[in-house]
Amino acid sequence: MTIWVLSLAMKNTIYHAPLTFGLYALAGVLFALYTSRVCPFLATLSTREIATQVGAVFILAWLIRHTLLRQHIWARKQQFIQLDTALLFAMSLPLALYYNLQYQFTLDSNLKVLFGMTLFGFFTGALLQLSSKLRTLRQMPQSQNLALSSDERRSLVKQLIGLIVLLISTLTVMLSMVAIKDIHWLENNPARLLDGSGKISIVKEFAFLSLVLGGYITAILVLWSRMMKEILDHQERSLQAVTQGNLQVRLPVYSNDELGNVAMLTNQMLDSLEATQNEVKTTRDVAIVSLSALAESRDNETGAHILRTQEYVKALAEYLAAFPQYSTLLTPAYIELLYKSAPLHDVGKVGIPDSVLLKPGKLTDEEFTVMKEHPRIGAQALAIAERHLGTSSFLAIAKEIALTHHEKWDGTGYPAQLQGEAIPLSGRLMALADVYDALISARVYKPAFSHDKAKAIIVEGSGHHFDPAVVEAFLAVEEKFVAIAAHFKDAA
């Protein structure tokens, strides 16, 4: 029976007429069997009488549930335990009154009718409520966050204790009623006790009630455990996203209980962490702009050069990220760090004398030797910041770019004559971006080259000055380079 009840319950949304009818039909059949086993007076009625009377009451109850109560506030709040328990209790009153007037049943028999229908109403409502909430959880988008309801907080521990107490009490009451009924029956049928058939009948009745109660209890516990697993799985997936650095994720809050409160407090903590992270990022960006502006103030380079080169680097990185050999390194977070760090590639120029840095003509060999020190100066400055502020991905990438963006693929660059993949990818990307922008920009010692001419020079340098893979990426996104150059033009 447990499997059948579960299969019905899992078809539910918030309200499902066939499901409700199926569970009401099941409750009606079981109640009809229940009555003949707990009440000696009801046991005197024929199967046809009980089936007709109980069937009529349960069909009427379902019709009321289907028409008048489907939009009831309890139904809209998925509080089906209250709704179905109250409905079947109300329907048990006229049935008990009918038995009292038609068959002169005693008060205890009438109370057994009230108890039985109310009990099956509780079980039916519990299955409908749990299955409805489970389906809602499974259909709800992972990103949707619900506020805690304004209802009074319901403790999971108290709910479990209450359910266990209710089930134990129900089992005790029902078995007691069966025992009393069987004692009455044996008193009037002593021969059944002597021939042993009475014992078998009593065992069957106890087994029937245990099976019915056990089936409902098992179905309720299975649905409840599935709902808890769904909630915990959702929260675990959210926390896994947080551990990967996504502080915009929030834990879904499904209920006003301990789990809901933990999720709400966790979300408040994530709000605070996100605000702190945003403040740190803002401070970092201000530092980047300040350092970049300092370098610009001593160089002939313009602010637009800084903007263009970081956009070039981002375009190249996003293209290469689509390839398996680069996808592990070039994650969205890493590309964002590249983009933020790129403006610091020439920060070391603040340590170059003005006589060299601002010289309008060609540098002498001695002057060029001095100029070639700016990558080391920039990397050393960022290393000092790293020692004082602690290691961070941003400072590490900024230091890489500053130190290696003048290295060449064939090992003829500076300052360390690194060759091939010994040059960090960040430096290889910036090398092409920096040269391209220098080629298309006007300087006191040269006019601005066209995109096509700059492109030809870069292609010629593939495998010598530049990483061939980066050159291929440049050719694939050259239209983006043209658009970036047009958007961030030097001021006239």
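Along the chain as shown, residues are numbered 1 onward.
Positions of Cβ are set from backbone N, Cα and C atoms, glycine also.
Annotated by Swiss-Prot as transmembrane segment, the relevant range among 49-69, 469-489 is 49-69.
Assigned with DSSP, the residues of the domain 'HAMP' (226-278) fall into helix, strand and coil as follows: 39 helix, 0 strand, 14 coil. Against the transmembrane segment (80-100), stretch 111-131 shows more Cβ pairs under 8 Å than any other of 14-34, 49-69, 111-131. Averaged over the domain 'HD-GYP' (280-490), the predicted model reaches a pLDDT of 90.
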